[in-house]
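What follows is a short report on a single structure.
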Amino acid sequence: MKSVRYLIGLFAFIACYYLLPISTRLLWQPDETRYAEISREMLASGDWIVPHLLGLRYFEKPIAGYWINSIGQWLFGANNFGVRAGVIFATLLTAALVTWFTLRLWRDKRLALLATVIYLSLFIVYAIGTYAVLDPFIAFWLVAGMCSFWLAMQAQTWRGKSAGFLLLGITCGMGVMTKGFLALAVPVLSVLPWVATQKRWKDLFIYGWLAVISCVLTVLPWGLAIAQREPNFWHYFFWVEHIQRFALDDAQHRAPFWYYVPVIIAGSLPWLGLLPGALYTGWKNRKHSATVYLLSWTIMPLLFFSVAKGKLPTYILSCFASLAMLMAHYALLAAKNNPLALRINGWINIAFGVTGIIATFVVSPWGPMNTPVWQTFESYKVFCAWSIFSLWAFFGWYTLTNVEKTWPFAALCPLGLALLVGFSIPDRVMEGKHPQFFVEMTQESLQPSRYILTDSVGVAAGLAWSLQRDDIIMYRQTGELKYGLNYPDAKGRFVSGDEFANWLNQHRQEGIITLVLSVDRDEDINSLAIPPADAIDRQERLVLIQYRPK
C-alpha cells in the first residue's frame, strides 16, 4: 500500500511540475522559437533529412533533436505544450534511468524514488527540462550511455557484455545525431577514471569496438543521406560548430574557468545543503566501485567543459543525474546518523525564499526603484512572484519541523515556481522576449502582410511559428542565418539597411509590407533611418512599421 501511495505521489509531482503548467508559459526567443519553427517546417515540408529555419539551410545541429520536437508538435499540435513535449519526455526518461540505475547500485526502492524526485526538482534540471532546447535530449543519451557502460562492465557473460557495449554505441550515435561529437568525448572522459581505478582495461579493449561499430551504424544512414543532399554539412558542422565553438579564441559563449561554480550552486537548489556532503561522502567512499563511477560521471564532464573556452549552463546537465544519486544516498545517511546537512538545507531554502520576497518588493511598483520591473497595473504578477518565493520559504521551514522525516518535502520548494512563473513575467520582458505576445497584440496587422521583415532571428522564428509561414525576410542583420543566406537559392531573403528604400519601391505594389524591429526602450523610432511609414504600432521593445501599396 505504501508503494502505491509513493507512486501516486510521484505522478502527482510530475503532473504539477512537468505537465499542467507548461501551456501557461509563452515561448522564449531566440531558443524556443527557433526550435519550434525548425520542427514546424520539418512537419510542413516532410523533409526529415535537412534541417531548415525560415526556409533556409540551418546546420548548427544534426537532426535527431528536431525529429523528437517534430513528433511532439505532430502529437499535441503547434502549441506551447507541443513544442516542449519532446524535452519533457526526454527529461522524464532520464529520471526513469536515474531510478533504474539507483536501484541497480543499492537495491533500495526508497533511495531510487528519492534520487528521482531530487533529480526532477533540481532547479537546473527543471529549468532546462521544461525549456524547448536540445540539451535535455543529449543529456538523456549521455545518461543512457553511462548506464549502458555500467551494464556492460557488470555483465558476467560475453553476451551480456556485448549487448551492453552495442547499446552504448547506439546511445552515443544518437547523441552525435542530436548535438554532435561531444556525445563521444563526454562518456569516454567520464568512464576513464573508473576504468583506471578498477583496472578494467581488458574488457574495454576487447568489447569497445562493438560500441564503435554500433555508433557508426546508427549515424551512417542519416549521415550519408545529408552528405548526398548537402555535401558541405559535415565540414561546416565539424569545423564551425565544434572547433570554433569550444576551442578557438573566437569561440562562442566565452567564459572563465570558474564559470560552472555558480551554475552548480544555483542548479543544486533546493538541495544545495546536500551538495558538499554528497561529494565529500562520495570521495570518502571512493573504494566503492559504484561511488567512484558516480563521482567520475559528475566531475569529469564538469572539468572538460570548464577547460573549453565556450560555456553555457546547459552543457553540464547530464552531470546532475549522477549528482542526484549521490545526494539521495547521502541524504538517507544524514537522516539516519546526523541530520545537520538536512537542517542547513532547510535554512538555505528559507533564506532563498525570503531573499526572493525582499527582492520582489524592491523591483515592484511599490519599491524604491525609479523604473520598476513590474508596472502598477501588473500587481497580480507581483503577487504571483511573492507566492513563488513564499512557497519556497514555507516548504523550507516545513522541512525543519521534523527534519528526519520531513526533509524530502524540499522537493516542493519549487512548486510555486512551476505553477506560477508563467503568470509572473513582467510585460516589459514579454514584449521583447515573447514574440507570441507581440503577435497577439498585432495579429490583425500582421496577418494580411505580403512581406514581413525583421532584424532579429529569434523574433523572425516566433513570427514564422505563430503565423505558420516561413518566408520571413531578414532585415539589416543576418545573425545565425548567415550561413544559410549565402546559398544562391536564398537570394532575396535578406535586405540590408542601405538597400531597403529601393527594395520597398520595387515591392510595395505587391501588397502590405511589414517591418518588425527590435529597439531600445528609450529609443526614438522617429530617428530610424527608414522611409516614412503608413502605420506604426510600438509594443515597447518591438515596433511594427507598415507600408501599404500606393
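Note that Cβ sites are derived from N, Cα and C of the backbone, with glycine treated the same way.
The transmembrane segment feature in Swiss-Prot is assigned to 7-27 (among others).
The transmembrane segment feature in Swiss-Prot is assigned to 81-101 (among others).
The transmembrane segment annotation in Swiss-Prot covers 111-133 (among others) and rests on sequence analysis. If one looks beyond the transmembrane segment (111-133) by at least 6 residues along the same chain, the residues whose Cβ comes under 8 Å of a Cβ in the stretch are 6, 10, 13-14, 17-18, 22, 25, 27-28, 31-32, 35-36, 69, 83-84, 86-88, 90-92, 94-96, 98-100, 102-103, 263, 266-271, 313-314, 317, 320-321, 324-325, 327-329, 331-332, 408, 410-414, 417-418.
As annotated by Swiss-Prot, transmembrane segment applies to 137-154 (among others). Only residues 6 or more beyond the boundaries of the transmembrane segment (137-154), in the same chain, are considered here, and those with a CB under 8 A from a CB of the stretch are 64-65, 68, 86-87, 90-91, 93-94, 97-98, 100-101, 104, 160-165, 167-168, 171-172, 174-175, 178-179, 182-183, 186-187, 190-191, 200, 203, 207, 293, 297, 317-318, 321-322.
Marked as transmembrane segment by Swiss-Prot: 165-185 (among others).
Under the heading transmembrane segment, Swiss-Prot lists 204-224 (among others), citing sequence analysis as support.
Per Swiss-Prot, transmembrane segment is recorded for 255-275 (among others). Long-range contacts of the transmembrane segment (255-275) within the same chain, counting only residues at least 6 positions beyond its ends with a Cβ under 8 Å from a Cβ of the stretch, are 118, 121-125, 302, 305-307, 310-311, 313, 316, 320, 323, 327, 330-331, 334, 341-349, 352, 392, 395-396, 410-411, 413-414.
Annotation source Swiss-Prot lists transmembrane segment at 288-308 (among others).
Residues or ranges marked as transmembrane segment in Swiss-Prot (evidence: sequence analysis): 315-335 (among others).
Residues or ranges marked as transmembrane segment in Swiss-Prot (evidence: sequence analysis): 346-366 (among others).
Residues or ranges marked as transmembrane segment by Swiss-Prot on the basis of sequence analysis: 382-402 (among others). Sequence-distant contacts of the transmembrane segment (382-402), counting only residues of its own chain at least 6 positions beyond either end whose CB sits under 8 Å from a CB of the stretch, comprise 270, 342-343, 345-357, 360-361, 364-365, 374, 408-410, 412-417, 420-421, 423-424.
Here Swiss-Prot flags 406-426 (among others) as transmembrane segment.
The transmembrane segment (81-101) makes no contact with the transmembrane segment (346-366): fewer than 3 of their CB pairs lie within 8 A, with pairs spaced 6 or more apart in sequence. Stretch with the largest number of CB pairs closer than 8 A to the transmembrane segment (7-27), among 165-185, 204-224, 346-366, 406-426: 406-426.
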